[in-house]
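Asks: TrEMBL feature annotations, pasted as is:
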type: BINDING; residues: A:Cys51, A:Cys54, A:Cys57, A:Cys100; note: [4Fe-4S] cluster 1 binding site
type: BINDING; residues: A:Cys61, A:Cys90, A:Cys93, A:Cys96; note: [4Fe-4S] cluster 2 binding site
Amino acid sequence: MWNSLKTMWIVFLHMFRRRVTIQYPDEKPNIPPRWRGRIILSRDPDGEERCVACYLCAAACPVDCIALQATEDEHGRRYPEFFRINFSRCIFCGYCEEACPTDAIQLTPDFEMGEYNRKNLVYEKEDLLIDGTGKYPGYNFYRVAGATIGGKNKGEAENEAPPVDPHSLLP
Amino acid sequence: MNEWAIIWANLILILAIVFAFSAMLSWIERRLLGLWQDRYGPNRVGPFGVLQIVADSIKLLTKEDWIPPFADRAVFVLAPAIVAVTTLLAFAVVPIAPGIGVVDLNIGLLFFLAMSSLGVYSIVLGGWASNSKYSLLGGLRAAAQMLSYEVFMGLALMGVVMLADSFNLRDIVAAQENLWFCVPQILGLATFAVAGIAEARRLPFDLPESENELVAGFHTEYSSMKFGLFFIGEYVGITLISAMIVTLFFGGWLGPLLPPLVWFLLKTFIVVACFVLLRAALPRPRYDQLMAYGWKVMLPVTLVNLLITGAVVLSTA
């Protein structure tokens, strides 16, 4: 009996506490930057697409919601011909971001993706591609990678030594 | 002719007050629960969410009124009406203020007890007619709980009757002119409040419903406005028990400065808020604990209270 009364008194005192509810549509919640929300494709600092269409994100995706087709431009630079994410399947696990070798695919803190038509949840490349670098400013895959593309030969990347000639006997 | 006009005016006024208050109670309860649980509760429909009940009623009225094929049709339809009718009938004897009240029965208290006892039929029959195991379990629990708590509910009030020397509720209120019965009858108040909560099937004692074990207990199979009637019955029941606690122990309409009607409504609201606080604070006991509490604690306390009151009344008479 005494315990019950004490409980009631404590609950009554909660009247004077601050409410924890965030009234969502009126008041936006504070979302941590590592939140796994809407997926985007970022560009490198030069404004080129970061994605090299390696298919690793599509392979890592547990629900197979990513579809893309690789192609090359005239400089030998790989890029996706199309890149499609079906957000009605996506479970926002972030495995694609972990798998991406070029930091192209990234998850953002945006979660407001409601649609009246289910087909509108299929995002094409022009919906996914953003103008900025996303979470990793300054990173440019082709500048640090050894791959040869038009205008850049082997050994010309940043922090890269000139290639060794295996036919030469000199050290 | 004039007499009839006054009676009709009273009838309509009381029905309006009771219905409006009980309907608002569903919103008040949810807001108060929110307040005590550090959240808001319904605050979207209308200012502060006061129109929530309108939205809820529209939803209840437009839902499919489903009667399960395995149910006992006639009883199934009748059951929810009983609880609404009996609780509303009991309001006929509640003395709201001087001149406001439907009838002035000289056995008003007995009428109230009779009506609140009849309410149990609604629950038991509803659970039985649904013909499903959860409903039946809820109905069973309701029958046992209400019968055992009824025993000392009546007895708890006998102390008040002894002090007031009347079964007439207006005389009982008038007898509290000098001292509210909550002081000399503190044990009676405690036991009556517990019995009242059990009678209204409110949270610490809502075993007939107990949603975490029995889905929704006796009204598992009910939908639409039949479910709504059970709900109206429950909320009118809370209002009734609160009004009776105010009438019998807290001096009814008596109070300084403010008009009697305002005093009565204010006191009733405070008691209702206490009911909601109970719901916010206390967990539901186990079924055997409930029974043991009723028979082994509450009934003896009531009898002791009765003996003491009797002795005091005899010695001072």
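Including glycine, each Cβ sits where the backbone N, Cα and C put it.
Automatic prediction, not curation, is the source of TrEMBL annotations.
Please go over these features one by one and say how buried each is and what sits next to it.
Replies: In the three-state DSSP scheme, A:Cys54 ([4Fe-4S] cluster 1 binding site) falls into the coil class. Sequence-distant contacts of A:Cys54 ([4Fe-4S] cluster 1 binding site), defined as residues of its own chain at least six apart whose C-beta falls under 8 angstroms from its C-beta, comprise A:Ala70, A:Arg78, A:Pro101, A:Thr102.
Proximity of A:Cys96 ([4Fe-4S] cluster 2 binding site) to non-local residues of its own chain (separation of 6 or more, Cβ distance below 8 Å) is seen for A:Ile39, A:Cys57, A:Ala58, A:Ala60, A:Cys61, A:Ile66, A:Ile105, given in sequence order. In the three-state DSSP scheme, A:Cys96 ([4Fe-4S] cluster 2 binding site) falls into the helix class.
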Asks: Are there any residues in the same chain, six or more apart in sequence, whose C-beta is under 8 angstroms from the C-beta of A:Cys90 ([4Fe-4S] cluster 2 binding site), and if so which?
Replies: A:Ile39, A:Val63, A:Cys65
Asks: Distance between A:Cys51 ([4Fe-4S] cluster 1 binding site) and A:Cys93 ([4Fe-4S] cluster 2 binding site) at the Cα atoms, whole Å?
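Replies: That separation, Cα to Cα, works out to 19 Å.
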Asks: Under a three-state reading of DSSP, tell me whether A:Cys90 ([4Fe-4S] cluster 2 binding site) is helix, strand or coil.
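Replies: For A:Cys90 ([4Fe-4S] cluster 2 binding site) - judged by DSSP and reduced to three states - the answer is coil.
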Asks: Reported as an integer number of Å, what is the Cα distance between A:Cys93 ([4Fe-4S] cluster 2 binding site) and A:Cys100 ([4Fe-4S] cluster 1 binding site)?
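Replies: Each residue's Cα considered, A:Cys93 ([4Fe-4S] cluster 2 binding site) and A:Cys100 ([4Fe-4S] cluster 1 binding site) end up 14 Å apart.
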Asks: What does DSSP say about A:Cys61 ([4Fe-4S] cluster 2 binding site): helix, strand or coil?
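Replies: It is coil.
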